[in-house]
Structure formats: C-alpha cells, structure tokens
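Chemist: Quick one: structure below, then a few questions.
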Amino acid sequence: MNNILGNMPPVVKNLLLLNVIMFIVTQLGEMQGIPMTYILGGYVFNSPYFEPYQMVTHFFMHGGFFHILFNMFALVVFGSALEQVWGPKRFFIFYVATAIGAFFLHQIVGYIEVKSIENELIAAGYDLFTLQEKISQLRAGTISTFNIMPNTNGLVQDYISGISVPVVGASGAVYGVLVGFGYLFPNTKLMLLFPPIPIKAKWLVIIMVGIALYNSIQANPGDNVAHLAHLGGALVGFIIVLFWQKDKRKFY
C-alpha cells in the first residue's frame, strides 16, 4: 500500500486519501443517524438548504461505493499524468476550478428550473414559506405526508426534488481531468474495462462528453446523475487547458 501511494504525485495522493476518508466518515455518520449527505451535499442556490461551504464539500462526497471507486480510479490514472506535466500547484488549481465550475453550471440551470416551478406554485395559490416548512418536516421524518392542492402533485414533487436533493461527487472534476488528459495525450491508447477494447484518449473523451450531453438533453425523470455537472467540469477543463497549453506542445 505504501509503495502504491508513494508512487503517486502528491496532490493526486492527498485527494485520493481525502475522498476515501470522507466516504468512510459519511458512511459512519449515516449509520449513526447523522445526515452527512444532506449537510455536505450541494443544493441549488435558491434552496433553503443551500450553504456556501457546500460548493467545496460536495465534491468530496460520493453516493456509493462504485461512485467513489470509478471517480478515484480516473483521478489516479489520468490525474497523475497531468500532475506530472503541470506540477502539484497547477494541477490542484485545475482540479478545484473544474469541480467548482461543474457545480456552478449544474446549479445555475437548477436555479432557473426551481424558480420556474416556484412561479407556477405561487400562481396555483401556494405559500412557498409554508410549503418549505412542510418539506423540511417531511425530510426530518416528523410528518409522512401533507395536503396539496388538486392537480399539483407533479409540480410539488418536482419542487421537493429541486430544493432537497443535493448533488455529490467529484465527477465534474474528473471530467475536467479526463478532458485535460485527452487534450495533452490525444493519441495515447487506453484499455477500456467494459468492454475490454483499446481506444485512443481523444475518442474516449468525445464519447464520454457526448453521452453526458445526450443524457442532459434527455432529462430522464428517473435519472439521478448530474450530467450537467459532468459537462460543466469538461467545459471548464477544456478552457483552462486550452489557455495553459497555448503555444505549447501536446504529448503522445
């Protein structure tokens, strides 16, 4: 274990350790009845549960074992190469900038959607403050249901999801790292896990970003993946690497 960590660049190693520690603490906290995800996840700006610190804490949280496994695998594989090229300071700036950029794109779109729902609720006769109180009681488990106006069930459910479901994970930053790797090492061949076939980095990036774009446009109600955050991280990562690598060479 020490040899594996010792061979990692310092920022990648510390990010890996911090994410793993946060994941363990989150699981232990949830087992003790502490809603860690609710506290540290990132809510839309017009949610009563939003706190400024969530802009940072949310990207050290993960929704499950496989979520953190794939994110950290990508961080180690692709992030290590970028840190070796850029150095620790620049890579750290890149990682944080892509994570926060991903958060902002996701939150701006979420803000607009929630604001639209709020306007419809007000037009239907709801008092938002009272409705938010009921939602908070529902989250706390002090009530199991509450009365709603006729023909507004879907609208209320959308509002509950919009303001009370947080975004978590480092996927936005990971997409930024993936784009950075694809830009610097476009022709490097990678072996996919599923299916186990070789693919050049540039094509992998295009496919991954394309899937995120498609899924964000589809906006499947049952899909709880923050695809816009993935796109935000990819976009910010592309802009930064384009600026940093101006007049500099790419690598194979």
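Here the Cβ of each residue, glycine as well, is placed from N, Cα and C on the backbone.
Pulled the feature table from TrEMBL, pasting it below:
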TRANSMEM  15-39  transmembrane segment
DOMAIN    51-109  domain 'Peptidase S54 rhomboid'
TRANSMEM  59-79  transmembrane segment
TRANSMEM  91-112  transmembrane segment
DOMAIN    155-242  domain 'Peptidase S54 rhomboid'
TRANSMEM  159-185  transmembrane segment
TRANSMEM  197-214  transmembrane segment
TRANSMEM  226-244  transmembrane segment
Chemist: In terms of Cβ proximity under 8 Å, which residues at least six beyond the ends of the transmembrane segment (197-214) contact it?
Modeler: 175, 178-179, 181-183, 185-191, 227, 230-231, 234
Chemist: Three or more CB pairs closer than 8 Å, sequence separation of 6 or more: does that hold for the transmembrane segment (226-244) against the transmembrane segment (59-79)?
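Modeler: Between the transmembrane segment (226-244) and the transmembrane segment (59-79), contact is absent.
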Chemist: Summarise the domain 'Peptidase S54 rhomboid' (155-242) by DSSP state, stating how many residues are helix, strand and coil.
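Modeler: Secondary-structure breakdown of the domain 'Peptidase S54 rhomboid' (155-242): 58 helix, 7 strand, 23 coil.
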Chemist: For the domain 'Peptidase S54 rhomboid' (51-109), give the DSSP counts of helix residues, strand residues and coil residues.
Modeler: 51 helix, 0 strand, 8 coil
Chemist: Note the mean pLDDT of the domain 'Peptidase S54 rhomboid' (51-109), expressed as a whole number.
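Modeler: The predicted confidence over the domain 'Peptidase S54 rhomboid' (51-109), as a mean pLDDT, is 95.
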